[in-house]
Number of protein chains: 2
Amino acid sequence: MIEIEKIYGIINEGDIDKLKNELKNYHPVDIAELLDELLPEQCITLFGALEFDDAVQVLEEIDTDKRYFILTNIDPDYASKLISEMSSDILADFLGELKNGERKKILSLMKEEDKKELKNLLAYDEDTAGGRMTTDYIAFPQHLKAKDVLDRLAEIAPDAETIYYLYVIDSQGKLVGVISLRDLILAPEDAPIKEFMKTDVKKINVSAPQEEAAQMIQKYGLLALPVVDDNDVLLGIVTVDDAMTVTEEETTEDILKFSGSDIDKTINFEEISPWSRAKRRLPWILVAIAGEIISGRVINNFSEALQTIVALSFFIPVLMDMGGNVGTQSAAIVIRGLATGTLTTASMIKNILREAVIGAILGLINGLVVAAVTYVWQGEILLGVTVGIAMAINLTIAAALGTFMPLFWHKMGRDPAVASGPFVTTLLDVLGLFIYFSTAAKILKL
Amino acid sequence: MIEIEKIYGIINEGDIDKLKNELKNYHPVDIAELLDELLPEQCITLFGALEFDDAVQVLEEIDTDKRYFILTNIDPDYASKLISEMSSDILADFLGELKNGERKKILSLMKEEDKKELKNLLAYDEDTAGGRMTTDYIAFPQHLKAKDVLDRLAEIAPDAETIYYLYVIDSQGKLVGVISLRDLILAPEDAPIKEFMKTDVKKINVSAPQEEAAQMIQKYGLLALPVVDDNDVLLGIVTVDDAMTVTEEETTEDILKFSGSDIDKTINFEEISPWSRAKRRLPWILVAIAGEIISGRVINNFSEALQTIVALSFFIPVLMDMGGNVGTQSAAIVIRGLATGTLTTASMIKNILREAVIGAILGLINGLVVAAVTYVWQGEILLGVTVGIAMAINLTIAAALGTFMPLFWHKMGRDPAVASGPFVTTLLDVLGLFIYFSTAAKILKL
């Protein structure tokens, strides 16, 4: 843990050497968090006391605004050196988030070669493997020997994102193999890398979705995944920590979409105004209103029945809510099953039937409970039977529909999470009310 | 991609050499998936054609039943050797999932030393860092030199889970430092490891929750995290791929809890019977029923108003549904924010106010839309005004309550995802109906 008070004290004393010594005890990730607690000028003081490597890592961890502030308020030559050592994927995202004028200012600090490399990276859509990759990988030509590679590593290592996987390319830059650092140090010194490299390399196309890269990294337990173009030319790598970030972002997106509130991939509560957040949530809500107006019309159609037995309206909430609950539960289970790969569309019909059975079990039990409550409350046995039967049918349909919807959208190649939540609920409300009043009309002879 | 038909063909031909050659082209993870498509006897044939290292990895990837079937249907000596090379954490989970008789059979295949090691691992709660760790790590005493370590690595490497982090321990087994393989190969051959090891090692206590281990691995971008006891004695490591699995499991748990359907940490659709799944979902549904009966009583209290203007009932669905939607959206955003750490309870009141503002904006817009629809449909301006006002108040409360609930449970030290979904919806139904009918009583003078 960082002792913030202590750091405050040292900064205020202005004792840079003491600050330098103190900061050596902390991890750059923790120092990055600490910067959020400091005033702008204190940030600059603290940043100036960091060792070069730590400063680079801190820069990689802090957010866009703070990063821009620091880079434009320190010595330009030092800023230029720091930028040059930053991971290319972070730098590309950074530039993408800046306003035009700011971007120019940062670009003016960059070396020509770094600019060129970045331009290439910025060309890829940020949701693709290309948009997520870094170009700071290590590759060797295939004619080298183990010893040569080990010798060269010492020079290259500091710039690379990972040195645990070393890629092997041919004269055209095509990916032909991979050696792990593990294999390299276990290999005889004069063994040609061609002999002990793995040729069956897991790789991904530069235009593939970033989730696919994350899933491959997780599935095969990789530390990094090479990204290639259509001709198998090596362009970059996606690392395991990027994969974790992608998975986290995608899960957030799924959850928010499911609840009809997908506002942003990286929710940042402070930065988005209530008005724009309201705007993003509005469309689904308006769609749901349209649906619920239909529910109202269903009730309208049975308004004579309702006038005869007002008590029918007392059970509208419980029927609507239960249908929604069971449907949403089923949908959540299916969406999560699809996201983690434990569920496939192959067994679609089987799964819908299984869910319907669960719905029927839940429906029967709840139907009995509600029928009993209704009878005790209203003293009307037929009203109890009506509510009980409607509940049982409702929950069976709710479970089946909650399962079917996401599987259907998934099969259609669409994102199963999109509005499954509100959409399923609204549809179930309309169906549920119709079933309820139809049952009432039959049993109570209205 | 594996060509299943081709493999089928070769197995049926019975040409083991051809099968061996073919399997060399595939990754063990893919072979593990293939096993799901084969008949039991075909599995044994295919497994027999695997090279030893691949066989170990395939065993680690397949599920409990298949693993048990294979281990008990191949040569016991070979099975014993395979088990000995399996990762200790997977083995511990495996034994934990077996029935008593099965466990004995597997234990009888194990070497004494492996059994002892496993017994220790099984003592830890499976949700802790200890329950998730593997003991297949590499540690060296601190007096060694870089060259000694490199030389010894060659013998040890094949058994270790990762050789990218080498831990340094003192004579009591206490963790005193870590060297990365990267640092090791860049260090001068005769440098004592004590001189270039990192002493500020990120580590976790054996009894800490596994999520905490996963979060540390992600936060600090680690490939593995050492697990220590209260005296800092090194006991094992949690690796980055375990961290990804933990995160995935925890997210699934959150989503299912949120929708009131937490059935199991690793949802396995095939293995759990519909009856037991229904049983697990039942409690929340019964709680919700109780809540909705209260909603019914609210309507009951206003039944005279309802008898006078039946049209009031037409708008029950839209009011209930909208409140639930907006409340659930807010809750989902907060729960996800808490899970990913972008939101803290520190700014709790500010966040509730912000959400309430969003709710008010959504409420006003929706109120206007619904008021207009009501007027056009029913031709009653006052009814339109009633529904519009009730909608605006409802959504403001819904957003605030949806934000408050998970923050409240989080602050109380409880899981914010638990039943926030159904619980918030039910509470909002009761409140929403009460607001609706009270507004109607005021404006329509009922």
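Each Cβ is built from the backbone N, Cα and C atoms, and glycine gets one as well.
Feature annotations, courtesy of TrEMBL:
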DOMAIN    A:133-195  domain 'CBS'
DOMAIN    A:197-253  domain 'CBS'
TRANSMEM  A:356-377  transmembrane segment
TRANSMEM  A:383-405  transmembrane segment
TRANSMEM  A:417-437  transmembrane segment
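Tertiary proximity for the transmembrane segment (A:383-405) is limited to same-chain residues at least six positions away from its ends with a CB under 8 Å from its CB atoms, namely 309, 311-312, 315, 318-319, 322-331, 333-334, 351-353, 355-356, 358-360, 362-364, 366-368, 370-375, 416, 420, 423-424, 427-428, 431-432, 435-436, 439-440, 443-444. As a summary of secondary structure, the domain 'CBS' (A:133-195) carries 23 helix, 18 strand, 22 coil according to DSSP. Residue counts of the domain 'CBS' (A:197-253) by helix, strand and coil are 24 helix, 16 strand, 17 coil (DSSP-based).
Per-residue confidence over the domain 'CBS' (A:133-195) averages out at a pLDDT of 88.
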